[in-house]
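Below is one structure; the comments refer to it alone.
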Amino acid sequence: WVTAGFVTALMGLWVLWRPDPHALSIDVARRQVLSSDARTAIIMPICNEPVGPVFAGLRATCESLADSEAADLFDVYVLSDSYDPVLRAQELAAWSTLQEQLGDRCRLYYRLRERRTRRKAGNVADFCRRWGSNYRYMVVLDADSVMTGETITMMVRMMEAYPKAGIIQTAPRACGVQTLHARAQQFAGRVVGRLFTAGMMYWQLGESHYWGHNAIIRVEPFMKHCALAKLPGRGGLSGEILSHDFVEAALMRRAGYYTWLTTDLEGSYEQQPSNLMEELQRDRRWCQGNLMNFRLITEPGFQPVHRAMLFTGAMAYVSAPLWLCFLLVSLSLRLLEPHTGATGFFSYLEMSPQLEWLWGLTLTLLFLPRLLAVGAILLRGEQAAYGGSAALIKSSLLEAILSALQAPIRMMAHTLFVVTALTGLNLEWKSPMRESQSILWRDALHRFVPTMITVAFGLVATFQSYHDAIWCLLPVGLPLLLAAPLTVFTSESRWGLSLRRRLWLLTPEERTTPAVLVRAWA
């Protein structure tokens, strides 16, 4: 699993230096003439979202689109599934206000769905049934998405230039949230994430991921071939498909159309969860959805690459309980055989020479992509956008430390999610907060105290049985003991803003904010 990520990042580095001739060409698309038949709907499905930031981002996208050369080709739809009456009234008021502001520069529609079936997938399907036949393409946005008119227009050009393209997925850049947690995630995505994205583009070509937003879809084959049925049976892995985007990409490819991931389109943005608890709340739904998708791995007609995606999507979460089991088994073996007779630099851990090499190889596979990403930025002369060479290096170290501290917390949470999904326990899902919000101590303690107490007892018992083994457990046990304070600390905007003023975790979008984001945050 770790090796697959390493190789993907390695090929991403290769693509940064030597563009893949087999990928979609943005240069070909630039020469494509847009006809009046290339009508495109821009849809934003929402459900109980904070109205202010949602419509601020939509306004920025619409204004940028109105300034583009082909604005007449586009209609914009807000597709609301909100059931809170207060939010419904606010959405209507915000839509009316935005309509007045845009005037005749952009056609903006609002639809409130009374029968909320099949969540977001059902929301999009309802749009397709009502108005899909009026459009050749549709661009799907999330509630926190912002895109430039130039990028949206180029997506349409690419679809026109490649008639067998069914879905083109952009690589959205995370920005706009000021908490320490979100800024670390934004920095990691901007520095290391682009290697993994470019690597996925290299390996997958026309059988790529679709992430459900910031993408363009060919409407006719989507309506014909991408309808989703319920998974039969009972329990947590049956019923409505939650992670519908992976399945829709596989169905589109089965129908003979390609799904492409492109890293060339830069004006595509999204927001990260503002704190660790919000991230884990989102991961809970993704975990169940990916495990449900694993049931479709033998579906007739799916391409091998999409079968592999369904497998790796499930493994992204199943790897957590596997890691936990590995730690527990390793600890048990160490306690049963405390003396191995090993010598050398790691003798205080009583680690055999073979384990020393394995440990070193694992660390190399984990951290070398970070070093390669930083090296690529330095060699390409892009460090000024990150605050300079020193700021880039120290920020990378800080992000790596935060990632290492949060990894055991994610492991325990993902293990719980896998267990609840497999046992069929009820899953409640609420929309993540789109604005920076600090975590209260009582909320963090309520969530993490059971884990903290369990880990504390485990460390004490291990220390009493075999003192030296405690050193092996501290890298995992200490972050779990500090889960609540770490979550509260990283959820604070003041720390994120303070570090930004000192050029820590700086991204190019923070260094020089694009005009569309200035509009969204105004």
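Cβ atoms are placed via backbone N, Cα and C, with glycine included.
As recorded in TrEMBL, the features of this protein are as follows:
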DOMAIN    42-224  domain 'Glycosyltransferase 2-like'
TRANSMEM  314-336  transmembrane segment
TRANSMEM  357-379  transmembrane segment
TRANSMEM  448-467  transmembrane segment
TRANSMEM  473-491  transmembrane segment
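Taking Cβ pairs closer than 8 Å, the transmembrane segment (357-379) reaches residues 2-3, 5-6, 9-10, 13, 16-17, 191-192, 194-196, 346, 351, 386, 389, 392-393, 396, 400 in its own chain, all 6 or more past its ends. Across the domain 'Glycosyltransferase 2-like' (42-224), the prediction's mean pLDDT works out to 94.
A Cβ distance under 8 Å defines the sequence-distant neighbours of the transmembrane segment (448-467), meaning residues of its chain 6+ beyond its ends; these are 331, 334-335, 338, 409, 412, 473, 477, 480-481, 483-484, 487.
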